[in-house]
């Protein structure tokens, strides 16, 4: 459908019978209305032409060949002549054959049929609205029992029998035996109700606003009662309150969308266009047909049988009519969702038929494979890997992908700079991978964002914009902080990259879709750009330090047992003899690490600014080391204090590693950058 802003969109919901007939009905020049499929046939076995009023009828769904009717007559499509648009003999419209991809038909059901999605899928919408158990409604739909109509102060057959509303199940087989078809119809229309028609009547009698009011009052009453002291009763009340909330939300949805609840019961069954359920002839003259055709045939056969029982047969017992209505209901259930009621229907080769639900759901369904999974131009796909040196808003594109995505822009750049006289020469330069090509590609990519998408796109953050940079290799590099929004990890996941072409799309990508603009979850507002998986492991490795500690002696808890037992191996003895380095600043420590004088986890002493928390601490030093000049060092668990002869604090050293220093500096620079940006903004 197309809305008032001329946006194409797809809307899924229940449809009225009038809308279904409007989709299919066509009026011929002689006044005949076509659109109803009444015969279960497909093609004639001799002529290989579609059967009239069948599942592939050309009058209903359009011609197989453009501009050629079933008689073989030809008309020019779109010619402004006074020739009739319909063939006078066969009634086929002279139109493009592509109409068979969207022209629908319908089957007029002899009895109402419930839509199995609304009845059997959990939660059951019909059971929620009617506030009745699902098992009871199933028995009513499949004609296992009936209920009495409320007829006040009138003599009825049921009153003579002394029956009440839910006692008719025992009369399931006895009541229909007393009546022929006409008599049973009269009795049923007046006194009892069964099948999907009973559900339709109850849904039509519902006042949704009264349903909301009654449910709200009951919910408040249950809330005012408080706890009963019985755990089982409290759970029962809690489940009832949850049910009432779902019922109110469902009723509000029907009111908001202006949908009548009785639409959940079908009177007209839509028939899909023939091109969506084709019959194909393969080698050897054999035919391959879609399973949906066989399921439609099953529905039409049973529906026609029920129509004959109701119209032509005068002596058919009412029990047979009820059984046939049940068969029609089961056939429609199988068409919509095969196997939802138990054992699925199978063909002669014991293969399960693919119903309408099987066609549209899943990874290979109509939506995900055909509609959402289309191949588009200016797009690529590759495996994602970690880009540790990337900023949050950047992604690394392999040269092979980037040159293909931005090839047209590079060609334009080569021609504008007079490096190529035409498109052919520009393409040859790109194929030869000349150095000037990569320079122009860099210029093009600087001002052009790209979109990264990871399927399935379940929420808004499944597609985000990034500033691309060229990287070596064949994998897309990604900052690990954006993985949570994509629900991605680096174990072989693939992502698609798209190039926004129009200026509007590029502006939208920059203003709304850049990764650094989507730091919070749109659903709950919590931070979504948080360290996960690989990044947490990296932070752990960076800050785990050395288990031996800065002192390998009796003061270290890790080695106290070894000291007591006097069993120190050679490796520990070597560390004991090593003197731990002292550094005046973090720059000196990082420089020593880059020169490979120390390791990432090597313990060291780093001079630190005077901290009042350290100065005022009451912690007892582990060891005190005196020097020849009178100064001494008080060694604690995680720091040491250098004091003068007069016991004044000269300086403080903390025990740390290069990994801790790197982590601290990254956080410090980030906080300072945020503060500067905030001060500029204010």
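Easy rule for this one: first residue shown is 1, then count along the chain.
Glycine is no exception: its Cβ is also placed from the backbone N, Cα and C atoms.
For 69, 71, 87, 90, the entry in Swiss-Prot reads Zn(2+) binding site. Sequence annotations record features per position, and here Swiss-Prot assigns Mg(2+) binding site to 489, 491, 493.
Structure with Swiss-Prot features highlighted.
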{"residue": "69", "record": "Zn(2+) binding site", "Cβ neighbours (10 Å)": "23"}
{"residue": "71", "record": "Zn(2+) binding site", "Cβ neighbours (10 Å)": "12"}
{"residue": "87", "record": "Zn(2+) binding site", "Cβ neighbours (10 Å)": "22"}
{"residue": "90", "record": "Zn(2+) binding site", "Cβ neighbours (10 Å)": "16"}
{"residue": "489", "record": "Mg(2+) binding site", "Cβ neighbours (10 Å)": "14"}
{"residue": "491", "record": "Mg(2+) binding site", "Cβ neighbours (10 Å)": "9"}
{"residue": "493", "record": "Mg(2+) binding site", "Cβ neighbours (10 Å)": "16"}
Same-chain shell around Zn(2+) excluding 69, 71, 87, 90, C-beta within 8 angstroms of the CB centroid, reads 70, 72, 73, 88, 89, 91, 92
Taking Cα atoms as reference points, which of the binding-site residues 69, 71, 87, 90 is nearest to residue 491 (Mg(2+) binding site)?
69
For the recorded Mg(2+) site formed by 489, 491, 493, which further same-chain residues have Cβ atoms within 8 Å of the site's Cβ center?
384, 488, 490, 492
Between residue 493 (Mg(2+) binding site) and residue 87 (Zn(2+) binding site): CA-CA distance (Å)
56
Nearest to residue 489 (Mg(2+) binding site) by C-alpha distance, among the binding-site residues 69, 71, 90, is 69
What's the CA-CA gap between residue 90 (Zn(2+) binding site) and residue 493 (Mg(2+) binding site) in angstrom, rounded?
56
Tell me the Cα distance separating residue 71 (Zn(2+) binding site) from residue 493 (Mg(2+) binding site), rounded to the nearest angstrom.
56
